[in-house]
């Protein structure tokens with residue numbers, strides 16, 4: 001790869017093919033170009049807004065470099081880009097645990113916080129989950145419980161070669177977009193939240209090209225990377241090689257809209273843990289937020305109507321099955337529940 005030539009191409013306003021993006025991501029991750037060039041590429045790609053082919057190429061590279069586990073094609077991952085600055089509790093992870101309690105297979109892939117008060121890994125660790133699961137143990141936990149949480153730094157060791165560049169830049173880069181799509185277990189189903197509306201189309205096309213079975217890419221009002229519990233949510237559905245667009249209202253789930261996101265916000269890991277547990281116990285208003293997101297995931301997996309799925313989620317929470325599943329998952333990981 002000719003780094004200066006490729007950088008000039010981007011600066012001329014041209015974009016990279018998926019093959020060029022793959023080669024670039026590989027060169028960055030393998031330290032084949034220096035830090036100045038790495039920063040130049042990341043900023044240049046960001047300036048023109050990343051394209052589906054570029055995102056696809058970076059994701060393919062990350063997956064090829066990742067520590068192998070699975071694949072678990074029957075599973076779903078629920079993830080988001082982050083960066084919405086809303087500081088809401090970790091609803092996608094709470095929804096993932098609830099899905100497992102309902103019998104759905106889940107492989108959650110996540111990391112510590114970058115922009116929020118607490119990342120999914122921070123919360124899982126605070127709850128007692130053992131993050132340090134090698135592939136063999138992760139497979140065992142998945143087969144035993146139907147759920148496993150994969151701590152991204154363990155499975156993407158090559159990312160350490162760009163970590164300091166990303167930190168020093170202090171801005172979102174294409175790696176922030178590629179992360180939610182780079183689950184090393186390669187689940188066939190995905191619910192992905194994006195922080196900006198323009199990302200909807202980009203993610204949907206990338207997911208289609210990556211060969212996902214079914215997925216939903218969501219952006220909720222007022223600007224969150226989750227299904228909104230207060231208003232409407234834009235959704236791009238991916239069904240193998242087809243992409244469709246819709247807008248769904250919280251009332252379509254059979255839920256009463258929350259008046260505000262304020263009760264869902266957290267300031268630190270302690271609050272994040274408390275609201276996470278309240279959601280799994282079916283307490284208001286956290287359970288509404290969990291419910292609409294879990295229902296959307298169920299719709300992705302089996303096409304069930306979101307109102308029917310929402311009711312099933314609410315009943316699961318009321319029976320205490322989600323909180324019990326969380327204990328089971330933590331114990332299977334070799335951890336000790338802290339609640």
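Cβ coordinates come from backbone N, Cα and C, glycine included.
Same-chain residues at least 6 positions away in sequence with a Cβ under 8 Å from that of residue 116 (5-phospho-alpha-D-ribose 1-diphosphate binding site) are, in sequence order, 82, 87, 88. What Swiss-Prot lists as 5-phospho-alpha-D-ribose 1-diphosphate binding site is 80, 83-84, 90-93, 108-116, 120.
Among the features that Swiss-Prot reports, anthranilate 1 binding site is placed at 80, 111, with the record citing sequence analysis. Taken residue by residue with DSSP, residue 80 (5-phospho-alpha-D-ribose 1-diphosphate binding site) is part of a strand.
A helical conformation is recorded for residue 92 (Mg(2+) 1 binding site) in the three-state DSSP classification. The Mg(2+) 1 binding site annotation in Swiss-Prot covers 92, 226.
In this structure, residue 166 (anthranilate 2 binding site) is part of a helix by DSSP. The local packing around residue 166 (anthranilate 2 binding site), expressed as other Cβ atoms within 10 Å of its Cβ over all shown chains, amounts to 18. The anthranilate 2 binding site annotation in Swiss-Prot covers 166.
The Mg(2+) 2 binding site annotation in Swiss-Prot covers 225, 226. Counting Cβ atoms from all protein chains shown, residue 225 (Mg(2+) 2 binding site) has 24 others lying within 10 Å of its own Cβ. Secondary structure at residue 225 (Mg(2+) 2 binding site), as computed by DSSP, is coil.
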Next item on the list: Do me a favour and check the Cα-Cα span between residue 80 (5-phospho-alpha-D-ribose 1-diphosphate binding site) and residue 225 (Mg(2+) 2 binding site); whole Å is fine.
Entry: 6
Next item on the list: Between residue 110 (5-phospho-alpha-D-ribose 1-diphosphate binding site) and residue 92 (Mg(2+) 1 binding site), find the distance joining the two CA atoms and give it rounded to the nearest Å.
Entry: 10
Note to self: For the C-alpha pair, I'd like the distance in angstrom between residue 93 (5-phospho-alpha-D-ribose 1-diphosphate binding site) and residue 111 (anthranilate 1 binding site), rounded off.
What the structure shows: 11
Notebook entry, point to check: Using Cα coordinates, what distance in whole Å links residue 90 (5-phospho-alpha-D-ribose 1-diphosphate binding site) and residue 166 (anthranilate 2 binding site)?
Noted result: 23
Check: Closest to residue 111 (anthranilate 1 binding site): which of the binding-site residues 92, 166, 225, 226, going by Cα position?
Finding: 92
